[in-house]
Amino acid sequence: MAASTDTDAARLRRARVAVAGCFFLNAVFYASLVPRLPEVKAQLGLSSTALGAALAALPLGALLAGLSSAAFIRRFGSGRVASYGLVALGVTVWTVSVAPNWLGLAAALLVIGALDAIVDVAQNAHGLRVQRLYQRSILNAFHGVWSIGAVAGGLLGSAAAGLGVPLGAHLAGTAVVFGAVALVISRAMLPGGDEPEPAAEDHPRERPRRRAAVPALAVLGVLAACGAFVEDAGASWSALYLRTELDAGAATAGLGFVALSVAMTVGRLTGDRVVDRFGRRRVARAGGALTAAGMGLALALPSVPTTLAGFALAGLGVATLIPAVYQAADELPGLPHGLGLAVINWLLRIGFLVSPPLIGALADATSLRIALLAVVLAGVGALVLGRSLPGRPSTDRSGG
């Protein structure tokens, strides 16, 4: 009995490492391409407008394919979808280097967006499966590993560009090396299906539960969008705000995004213990209050130090929000397994798609300082809607 228990514990530890590896690789593949996009633009002779239009295929692909991830997970299992999807993602990123024209580039980016969405849902589904067996929160750390992977991928791409490595060789090497890692990872995933469909799925008693899940998903989707607005504000607008509104230098202007990203990564790497101690609802609502207060103070007392502190507090505040929403969606009764995750991931990507033009339009109509009040409102939204989350991490659903 002891030997069996030790074997199960070792298998669970390997699965945890494997899921962390999935999150890392998912971030690395595209992040390594980002520093080389200027070369892609020059190679194809594209204007900035044409490149921007091609890049819009990324979220479009994610939106078109995102909801299909639930069907893939039920058919093949989240572990296989995540690991083999990463292999396909690496190969597709490489095809950017051989795109003959704008249409080829847009097509490659469309497929990259689709695969990224499917892998994202699958890796979160498998992470939640491992978490249920651990009977404590570990999902936030996986998202922290994703952030580390994004930094590593960016550094890899920058180093390859600086060393003059041809784009095709760089992306091919990334696809081969990290694709091989993904195949190794697939062997460490938990065996078997994720969760069997209930025998009474079509029973009349299940219908009210399915109907009740729809408004619950809508609330969770808005809650996830609040997190998306905060993250996008740091990525898209912090540097411009510091540069144009506060006269910060070029080097200093980039620190707003760094402050938010570092705080968010730290919050995710340490957030599991906090969630276990206080529960998802309290942590999400406290994080919303922290986001609103931090950015509110930064906008009320505009200066470089207060702005950097405000973005850092915002990043810390929303660090555990999206993982908490994913878990809540995965636990909604009355839905086919994986569908809640897929829908929330889809709605989250709509939030990332809507946020930049909305804040941009508000900035043009008023000022960027006024437009960034959207971050404060997002924090208030998390504070209010966070009550929809469970008070404690639920671990009673079996992992199948």
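Any Cβ shown, glycine's included, is placed from N, Cα and C.
Annotation comment: TrEMBL describes 213-400 as domain 'Major facilitator superfamily (MFS) profile'. Taken together, the residues in the domain 'Major facilitator superfamily (MFS) profile' (213-400) have a mean pLDDT of 87 on the 0 to 100 scale.
Marked as transmembrane segment by TrEMBL: 17-34 (among others). Using a Cβ-Cβ cut-off under 8 Å and counting only residues 6 or more beyond its ends in the same chain, the transmembrane segment (17-34) has close neighbours at 79, 82-83, 86, 89-90, 93, 96, 112, 116, 119-120, 123, 126-127, 130, 141-143, 145-154, 156-157, 160, 170-171, 174-175, 178, 181-182, 185-186, 188-189.
Annotation source TrEMBL lists transmembrane segment at 46-67 (among others).
Annotation source TrEMBL lists transmembrane segment at 79-96 (among others).
Residues annotated as transmembrane segment in TrEMBL: 102-122 (among others). The list of residues near the transmembrane segment (102-122) in space but at least 6 beyond its ends in sequence, with Cβ under 8 angstroms from a Cβ of it, reads 22, 26, 30, 40, 44, 46, 50, 53-55, 57-66, 68-70, 72-73, 78-79, 81-82, 85-86, 88-89, 92-93, 95-96, 338, 341-342, 345-346, 349.
Under the heading transmembrane segment, TrEMBL lists 143-165 (among others).
Outside the transmembrane segment (171-190) by six or more residues, the chain places 11-12, 14-15, 17-19, 21-22, 25, 28-29, 32-33, 77-80, 82-84, 86-87, 90-91, 93-94, 96-97, 126, 129-130, 133, 156, 399 with a CB less than 8 A from a CB of the stretch. Feature annotation from TrEMBL assigns transmembrane segment to 171-190 (among others).
The transmembrane segment feature in TrEMBL is assigned to 211-230 (among others).
Per TrEMBL, the feature transmembrane segment maps to 250-271 (among others). Sequence-remote contacts of a segment are chain residues at least 6 beyond its ends whose Cβ falls under 8 Å from one of its Cβ atoms, and for the transmembrane segment (250-271) they are 137, 140-141, 143-144, 147-148, 230-231, 234-235, 238-243, 283, 304, 307-309, 311-320, 323.
As annotated by TrEMBL, transmembrane segment applies to 283-301 (among others).
Remote same-chain partners of the transmembrane segment (307-326), defined as residues 6 or more beyond its termini with a Cβ less than 8 Å from a stretch Cβ, comprise 124, 128, 139-140, 142-143, 220, 223-224, 226-228, 230-231, 233-234, 238, 241-242, 246, 255-257, 259-268, 271, 274-275, 280, 283-284, 286-291, 293-299, 341, 344-345, 348, 375, 378-379, 382, 386, 389. Feature annotation from TrEMBL assigns transmembrane segment to 307-326 (among others).
Among residues of the same chain six or more beyond the transmembrane segment (338-359), those with a C-beta under 8 A of the stretch's C-beta atoms are 59, 62-63, 66-71, 73-74, 78, 117, 120-121, 124-125, 128, 194, 213, 217, 220-222, 224-229, 231-233, 236-237, 322, 325-326, 329-332, 368, 371-372, 374. Annotated transmembrane segment per TrEMBL: 338-359 (among others), in sequence order.
Annotated transmembrane segment per TrEMBL: 365-385 (among others), in sequence order.
Residues 37, 40, 102, 105-107, 109-118, 121, 342-343, 345-346, 349-350, 352-353 of the same chain sit 6 or more residues outside the transmembrane segment (46-67) yet have a Cβ under 8 Å from a Cβ within it.
Residues of the same chain lying 6 or more positions beyond the ends of the transmembrane segment (79-96) and with a Cβ under 8 Å from any Cβ of it are 18-19, 22, 25-26, 29-30, 32-33, 40, 69, 72-73, 104-105, 108-109, 111-112, 115-116, 118-119, 122-123, 125-126, 168, 171-172, 174-176, 178-179, 182-183, 185-186, 189-190.
Proximity of distant same-chain residues to the transmembrane segment (365-385), defined by a Cβ-Cβ separation under 8 Å and at least 6 residues beyond the stretch ends, is recorded for 219, 222-223, 225-227, 229-230, 233, 237, 240-241, 244-245, 284-285, 287-296, 299, 302, 314, 317-318, 321, 355, 358-359.
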